[in-house]
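Notes to accompany the following structure.
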Amino acid sequence: MATAPSPTTMGTYSSLISTNSFSTFLPNKSQLSLSGKSKHYVARRSSISCKATNNNNSNNQNEQQEESSRLLGKLDRRNILIGLGGLYGATTLDRKPFAFADPIAPPDLTTCKPAEITPGGSETVPCCPPVTTKIKTFKPDLSIPLRTSPAAHQVTDEYLAKFKKAQAAMRALPDDDPRSMVQQAKVHCAYCNGAYPQVGFTDNDIQVHFSWLFFPFHRMYLYFYERILGKLIDDPTFALPYWNWDSPVGFPIPDIYTDTSSPLYDQYRNADHQPPVLVDLSYGGKDDDVDEQTRIDENLAIMYRQMVSGAKTPDLFFGHAYRAGNLNTGKYPGTIENMPHNNIHIWVGDPSQTHQEDMGNFYSAGRDPLFYAHHANVDRMWNIWKTLGGKRKDITDTDWLDAEFLFYDENAELVRVKVRDSLEPEKQLRYNYEPVSLPWLFTKPTARKTKNKTKAKVAATQLTSKFPATLVEVTTVEVARPKPRKRSKKEKVDEEELLIIKDIEFEGTEAVKFDVFINDDAESLSRRDKSEFAGSFVHVPQGKTTKAKTKTNLKLGITDLLEDLGAEDDSSVLVTLVPRVSNSPITIGGFKIEYSS
């Protein structure tokens, strides 16, 4: 078994790079409506029947088997939680062992195993933390001074000197110190690349991506990382900076991370994406040949879509529910996690490295100090989202609120935290963000076509009617709308219309991206600042413990999009998928439109 090289380069930084379950979806043989033999296909606004077939029954059986496994696993898991004395028993004293709740439990560090980089464990990396039998329960400390995170592109010289001193001190700690840069980077590796089995469900690994755990896990990860840095320079007011990639002034990588003699530098970054190059929030592995203004327009429209029009509900913003015993398949990410979070990881990572290290792979992302500035802005998006009104509020499900993680704090003590400990950062965690302008808030995508010219033209040969299908070229399908009528304003507020792309199957150790367009011309697709662009599916390479392919879903809110396109009365929509990046086949299981409250 090959082992990935240890991150010895983390100690040096002077070298420079040369340059909940779904209902039925489309059956195997879809009841799609195709126009005859003309050169182009003009969308017919007729009703399309999508009836369940054996394929869907199989999907339901798989879901039922997973639920049965979870129910059986509960007894085993609760026996473990009750019976273990030492390490894990110490972490579960306040649990209600017979309650019918299934939050993800914190990992048992004694069961940690090498993290996977390639399918089936052919290549691994050691990411396990030091083990201790003493675990504290997190309690907010209101005596901590309030810390304000600055925008990285406008920090003062005084702040930068302090930040560099703290980062250098963290790098200088022994590798086996849980507060060291080496160990802090391993935190992300262990939780994201299959190092921790779920307690009571040892065949299922803990995965903090593609679900509602994404935001709270990374918030608490950054919290303890920041507290360690502050302790190392004896400054409790120190706060990490955020990379303001949601605004044109912050689109380039902040200059403070590009000095090759600085402890903030990482040598494994894409040499073609150094300042003053603007970040591409829709990047998937290949650079687009667009001018600077187009990049700005597209980035701002993407932010509006991911924060406003496409993220009206907690379900869309946070992602799929993830409970104890759930498999790491069939989930879907929230809007910001999927895009631009994933895109930025890939954009920064070094394509000349085997696994796109450092930022381009979850196992190595934490080795780059820029990772923490990136995630500080991701966290900032959570704060901002909750101020935008409507249903944009935190999840109230106790399986989310009581999900738990383990982190080492600034005193090298292991701490157990719950998601509910992270919901009010200023009050519970004593930090906030320096306010800056939000230009994306006023950059709503506009329709490419006028409302009286919305019929899309698609070559007949590009229409696909059988699913599952392999996505190897531009593919268009007609999908029925259950409510083919213009809904009232209240109805739109009460229920968001969703396009669901189900059972997206691919090799999870590779980067994947495809774009989604609605009612657009397949032979001449819109720019990403147009309403016809519905979004993207983006995957950052990550390890796994089996050779099975990764399977997930994508949910896109399309209420505003259909309104912009004048398609609210249409009985169906044309959905076009455009593969952008993948070194192995992508399989699409089916499509459906449904409504979510």
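Glycine is no exception: its Cβ is also placed from the backbone N, Cα and C atoms.
Looking at the candidates CYS112, CYS189, Swiss-Prot gives CYS189 as the cysteine bonded to CYS127 by a disulfide.
Swiss-Prot names HIS341, HIS345 as Cu cation B ligands; from the candidate set HIS273, HIS320, HIS375, the record adds HIS375 to that same site. When other Cβ atoms within 10 Å of the Cβ of HIS341 (Cu cation B binding site) are tallied across all protein chains shown, the result is 25. In the three-state DSSP assignment, the secondary structure recorded for CYS127 (disulfide bond) is coil. Each of the disulfide-bonded residues CYS112, CYS127, CYS128 was ranked by the number of other C-beta atoms within 10 Å, and first place falls to CYS127. Sequence-ordered, the extra residues of this chain that approach the Cu cation B site, with Cβ no more than 8 Å from the Cβ center of HIS341, HIS345, HIS375, are HIS218, GLU337, ASN342, ILE344, ALA365, PHE371, HIS374, VAL378, VAL540. Here HIS345 (Cu cation B binding site) is positioned 20 angstrom away from CYS127 (disulfide bond), judged by their C-alpha atoms.
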